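Annotation source TrEMBL lists domain 'YVC1 N-terminal linker helical' at 105-286. The domain 'Calcium channel YVC1-like C-terminal transmembrane' feature in TrEMBL is assigned to 349-625. The region 'Disordered' annotation in TrEMBL covers 1-51, 64-97, 692-723. Among the features that TrEMBL reports, transmembrane segment is placed at 323-342, 354-373, 385-403, 415-436, 456-474, 486-503, 523-542, 581-601, 607-624.
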Amino acid sequence: MGLGTERRLLDNDHSDTYTDDGDHSETGSGFVDDGPGILFDAEQESGQDPTVAPLMLRRLVARGGGGHARHGSRDLGGGDDNGGSQGGQSPFIPRPNPAMPVYVTIHRIRRLIVAAVDDNYTLEELRGPRLDRLIIRPLVERLYNPSDPAIVYALLANRVQFLRPRSHELLQQSVNESRAILCELLAIRILRRFHEDNTGRSGLLLLAHILVSGFDPCDAAPEAIRARRPQWAVQERGGHERKLTGLELAIISEAKLFIVSPACQRVVDAVYRGVVVYTPLSFVDILPDHYKHHPVSLYEPRRAAILNHHRLIVPQLRNLIELMHFIVLLVLYMLTVTHYGFGKHLAGVHVNTWETLFNIFAAGWVLEQFAAIVEHGWEVHAQNLWSFLDITFVFIYGAYGLVRTVELLVSSEAFYAMPLLCTAAPVLLTRIAFTLMPDNIVFIALHAMMRDFTRLTFIAIWCFAGFVMGLLLLSRTTGDETLSGSVTWATITKWLLWIWFGLDGTGIERAPEFHFFLGPTLIISFAFLGNTLFLTILVAILTNTFSRIISNASAEIQFRRAVLTFQGVKSDAIFSYPPPFNLLALIIMLPLKWFVGPVVFHHANVAVIRAINAPLLLLIGLWERRRVWARRGKTSRWLRKWRHFAGLNPHADIQVVFSAEPPPEVMDMLEKIDILNEVTVVDRELALRTPRDLSGAPSSTSMRRRKMSSDSSSLRRFEGADR
């Protein structure tokens with residue numbers, strides 16, 4: 001019995017309420033200092049509210065000895081986000097204190113979600129005031145545990161499982177999609193509760209621990225379940241094997257609403273800028289160096305080494321480094337194709353200097369892309385905007401390398417490889433545009449439409465091959481040896497392509513030669529299906545994809561930025577070697593790992609990385625220290641002049657008014673005029689009710705007061721207050 005049954009019970013003025021037992025104590029997690037450059041905050045603030053609102057579901061069995069079945073009125077349904085009850089009639093049951101194992105938490109959440117939703121609901125319906133009061137708020141109060149950071153991970157893990165297509169549950173697929181949406185909404189609410197209850201640097205550290213720390217889904221699972229794990233043998237990581245992060249689950253499940261939430265964006269922005277640092281988890285590392293594992297921590301530049309090689313995996317810096325690598329690749333490519341000698345006398349196929357440099361650097365760049373794919377799998381790598389361009393260039397470069405090797409070994413007069421390499425120019429030039437403008441909504445839409453276009457094109461080619469085969473076999477049945485000898489599959493393909501693009505009608509004119517009736521029938525059928533039906537479907541699907549992305553542009557941009565951030569934190573040591581030095585690391589350092597211990601290999605690896613990247617690391621270290629030590633109140637003379645020049649705007653006075661906080665005397669005067677603690681706003685549910693509903697249920701009307709801190713001009717979160 002799910003939400004549909006609950007609605008029928010409400011219509012009959014009857015409902016059963018079951019709650020959990022236990023209590024939550026307010027505990028904090030301490031953090032210690034771990035090496036230079038890493039700063040752990042002291043004890044963080046914990047949750048404040050020890051109460052739980054009940055969940056109005058008959059299938060939810062009480063846990064433990066403290067839960068009791070209760071009967072409530074029509075207005076039962078849990079409290080608001082701050083723990084208060086909605087109508088004052090909901091009983092409050094203490095939460096369990098200890099954090100449950102991840103395996104138990106995952107199945108507990110799945111049991112609650114399956115019981116809560118047994119019908120198809122859209123995102124707008126689940127976010128509506130009625131279902132928000134009946135389902136989301138009670139579940140948030142039931143699941144939120146200040147001492148259990150794995151709740152968000154467990155919710156996202158259930159979302160991934162609900163979205164997984166299963167052939168034996170086709171009838172339940174739409175219901176599972178609704179359950180996946182509910183998991184995302186609950187994850188947003190619970191992460192927001194963590195964000196509101198834990199402020200400052202300790203709060204940022206806790207949020208980062210929730211999103212980017214690894215959790216083992218089989219934690220405390222039965223041995224029979226652990227033995228069924230399909231993942232093949234992984235690399236030793238000192239107890240951090242087989243773990244995934246909440247942010248990775250949000251990316252592969254495309255939980256864009258979750259990623260765009262303020263709490264998640266705070267962590268993503270901190271990781272992107274290198275404020276939050278950690279040792280990432282990966283599936284496979286080509287050059288593994290797992291001697292040290294740094295937990296999630298806050299970075300302090302003044303305590304770090306001047307040549308800190310860990311800064312090479314900061315996403316903001318990593319994106320700039322990869323951009324420089326690609327620019328070098330593009331320059332070498334242009335020099336190679338322009339100096340090959342087209343239009344001149346070719347004295348055999350010789351390898352010039354530019355081609356040699358390009359091949360060496362491109363091989364290192366391809367190795368870097370391969371390491372990026374195997375690090376988190378293709379499912380995560382495919383979310384990158386330019387992933388399809390990189391794969392296309394890798395295939396072109398691989399074909400060029402194969403043909404070029406055959407040319408050098410077999411024939412000295414052929415030159416088929418270089419024309420093949422020239423076809424990579426559109427890919428490389430387009431890729432540089434994607435890299436320079438990753439937040440452009442047009443490129444984001446193009447990436448999504450390319451997936452739909454590729455899928456539809458594959459289906460079209462499959463059907464297209466059937467027409468080619470049918471016409472080819474039909475030509476063999478005419479008995480005309482001239483026709484069967486002159487008309488090949490390439491000729492038929494050319495005729496059909498011309499018809500598809502509307503360029504030429506030769507195929508229609510020669511169709512009776514295949515058969516007086518069946519030949520024209522096949523050709524005309526292809527023309528109708530190709531030009532009319534398929535193109536209409538293609539345009540409709542691409543238009544729908546583009547409009548969906550444009551309508552939610554902000555979430556799409558933030559989602560792609562989260563993907564770049566997550567992929568920018570590299571675990572494999574091969575990324576610390578720039579191309580083509582990564583080839584040498586693969587040839588020298590990887591065999592060395594098997595002959596020395598982990599301590600010796602770690603020190604040797606760090607020494608080589610610092611030696612190769614010494615100028616870059618020195619520049620990064622000095623820049624970060626200069627940025628931290630710079631006084632905020634003092635600006636340079638040229639910066640003041642630039643601000644004065646930029647202020648020559650007829651509307652600049654409006655910006656000046658809001659550029660700084662009002663002085664204390666103005667704030668005191670405004671506080672005397674309008675006391676914000678007395679300003680009330682109507683609850684969203686109350687605002688959506690009709691006048692008849694308001695007159696019929698005055699006791700269920702709730703008001704919330706705005707609270708404003710004395711040191712900030714922004715309105716804080718709403719606190720519950722019954723009127």
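Note that Cβ sites are derived from N, Cα and C of the backbone, with glycine treated the same way.
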Taking contact to mean 3 or more CB pairs closer than 8 A (sequence separation of 6 or more), are the transmembrane segment (581-601) and the transmembrane segment (354-373) in contact? yes
Below 8 angstroms Cβ to Cβ, which residues of this chain, lying six or more residues outside the transmembrane segment (523-542), approach it? 449, 452-453, 456, 460, 463-464, 467, 471, 496, 499-500, 502, 507-508, 511
Can you tell me the mean pLDDT for the domain 'YVC1 N-terminal linker helical' (105-286)? 87
How about long-range neighbours of the transmembrane segment (456-474): same chain, 6 or more residues beyond its ends, C-beta under 8 Å? 487-489, 492-493, 496, 514-515, 518-519, 522-523, 525-526, 529-530, 534, 537-538, 541
